[in-house]
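Below is one structure, written out as structure tokens; comments come after it.
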Amino acid sequence: MLAVPIIDIMGLLCSRQKRYSEADTEENVQAAEIEKRIAQETKAEKHIHKLLLLGAGESGKSTIFKQIKLLFQTGFDEAELRSYTSVIHANVYQTIKILHDGSRELAQNEADSLKYVISPENKEIGEKLSEIGSRLDYPCLTKEFAQDIETLWRDPAIQETYSRGNELQVPDCAHYFMENLQRLSDVNYIPTKEDVLYARVRTTGVVEIQFRYDQMLFEDENKNRMMETKELFDWVLKQPCFEKTSFMLFLNKFDIFEKKVLKVPLNVCEWFKDYQPLSTGKQEIEHAYEFVKKKFEELYFQSTAPHRVDRVFKIYRTTALDQKLVKKTFKLVDESLRRRNLIEAGLL
């Protein structure tokens, strides 16, 4: 019974194709050409290694991409550099607003609140800059605005607030841009490559694993960034589409980690609550790094057999702003991928 309508439908399709075949000849030729081109591109892509950068918010993914453009492509031409001017000026206004509003919040809620109270002579400046930072469109950074921002930045209350930056979503570019305000506000200002690397534009979508263990996510202020990273890494490892994918784990912003681990205990992060510090200085930094590295290795091998040769796993400490280190890291990544190819070909 069910076969009858199927035959009828097939007959209709066949008769329709016959009816329009002559009129659609040109379309068919174009379709065949497209399919041929897709097949050629698919064949060519088999020889291309694709790297997918994944990471939690503020992990440095965009900075890595900028470094790749500088290292392995043509870099930024003058037009591209100029296009970052408004981004950098926005970063400045956003940063000073975060610091101003953060100092006010700390002054209301902390036991030692007085050290977060902005001095009376800078209060009006702070209110004005906070209002500007709330706008959708930011004004050009003039010398006058730069002077106001620099005055507020030097206020002891703002400096105290900056020391609590991990709790307030203060961007990593804060100190760099605050110390370069006069240059950034010059009428003939053209961003440098270093300025562009520090510039922060919120990006979304698929694009590394980051290295903050006590900072909250911008997307969810109640969630620790390292815990978000752990969950993201664990989720990716378990996806069927990545079953035979190699993983290069970038423990990024190592320069910040070096400073922070000596001030903030690693075990403030729930994932690292079993961490026991052993020493101080450089030895403690290395001890802490090896502990974090081991945690990610354990997470990886929970879902992967340790002796698999078709799935390479490497961990690199990186600082996305350090061009030499990024170049060295990608050289190691390239060597790892080449070695995997030789293994798969049975040559190793």
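Cβ coordinates come from backbone N, Cα and C, glycine included.
Any TrEMBL annotation is an automated prediction that lacks curation.
Per TrEMBL, the features are:
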type	residues	note
BINDING	58-63, 197-203, 252-255, ALA320	GTP binding site
BINDING	SER62, THR203	Mg(2+) binding site
Local Cβ density at LYS61 (GTP binding site) - other Cβ atoms counted within 10 Å: 23
Where GLU58 (GTP binding site) sits in the secondary structure, as DSSP reduces it to three classes: coil
Coarse DSSP state, helix versus strand versus coil, of ARG200 (GTP binding site): coil
For PHE254 (GTP binding site), the number of other Cβ atoms found within 10 Å of its own Cβ: 18
